[in-house]
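See structure below.
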Amino acid sequence: MTETMLAVIGGSGLYDIDGLQDARWQAVDSPWGAPSDDILTGTLDGIKLAFLPRHGRGHVHSPTDVPYRANIDALKRIGVTHVLSVSACGSFREAMAPGDFVIVDQYIDRTVLREKSFFSSGMTVHVSMAHPVCADLAAAAAEAARKTGVTVHDGGCYLAMEGPQFSTLAESRMYRESWGCDVIGMTNMPEAKLAREAELHYASVAMVTDYDSWHPQHGEVDIKQIVAVLKGNAARARSMVAHLAGAMADLPAAGCATGCDHALDFAVLTAPEKRDPALKARLDAVAGRVIDAPR
Ligand SMILES: CSC[C@H]1O[C@H](OP(=O)(O)O)[C@H](O)[C@@H]1O
Ligand SMILES: Nc1ncnc2[nH]cnc12
């Protein structure tokens, strides 16, 4: 039986975590290129845990250039079953204030310059993104976050923008008023799509740093203010991670209410004899379960 292994992908301000037993940073090779950084592995109160800083230690990678495919492939390759994203975000809601944590449950993907799929001609695959996060992992993350004492919002729609510039005032108002988005960031897409293709359970905790630019009393988004809030949020994120092992105690590696680990069932359209051998070889970790399965 597969053992549950959690990966935390740390966003802006969260470049390492402490408290892991048998902690070591290890380089992991991927046929999709180099991951953002080495991966920190260890155990946390009996749960196997991996940590990967999304932008690399020292914040090397811009949101556009994060090697999203290599990151997800490398995590799956070392045995990860669950991925929890921890991200900074702007807020479109008065009640979602700086310092609050939002447990994301929907996305609108406005990114345009990124590789968004492991699959292409030679292995054509269509997975559902109707329910883009793992409901069970999201519930565990919410429980762990609440234990830290932060204000936690259950559910929120995350607008993923390309960046690296922040939104114009007109965009900020449109996302909030017309599109009904709750928070905004630059990194959860295509990460969530790739995790789904890799049949990983994925959830995201978006930590509010600012009110983007729509709020009449807060003025426009200001990177100095974001960086100041990030430091406190990183401390709260570390505390949340420390509570995750307890919150995840009953989460099996296989099976969840969302069906994440069976996303590829019936999803491969290319006939077995028409599948591209070179692409199949690259997909060994991500889609090994179905690579030779009939249509
Ligand atoms: C630090 S402001 C903008 C930057 O922060 C967020 O990154 P992450 O999602 O990795 O925490 C946001 O998406 C931008 O990349
Ligand atoms: N307002 C904002 N827009 C996009 N990404 C962000 N990350 C933190 N705050 C943000």
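Note: Cβ is positioned from N, Cα and C throughout, glycine not excepted.
Of the residues T187, T258, T270, TrEMBL places T187 in the same phosphate site as S12, R54, H55, S87, A88. Apart from S12, R54, H55, S87, A88, T187, the phosphate site neighbourhood in this chain, defined by C-beta within 8 angstroms of the site C-beta centre, holds G10, G11, G13, L14, P63, V86, G185, M186. According to DSSP, D212 (substrate binding site) sits in a coil region rather than a helix or strand. Proximity of the recorded positions A88, T187, D210, Y211, D212, I223 to ligand 2, judged by a Cβ distance under 6 angstroms to any of its atoms, singles out A88, D210, D212 in sequence order.
As a whole-number mean, the pLDDT of the domain 'Nucleoside phosphorylase' (6-243) in this prediction is 97. Between the listed recorded positions, namely A88, M186, I223, the fewest other CB atoms within 10 angstroms of a CB are found at I223.
Among the binding-site residues A88, D210, Y211, the ones whose Cβ sits under 6 Å from an atom of ligand 1 are, in sequence order, A88.
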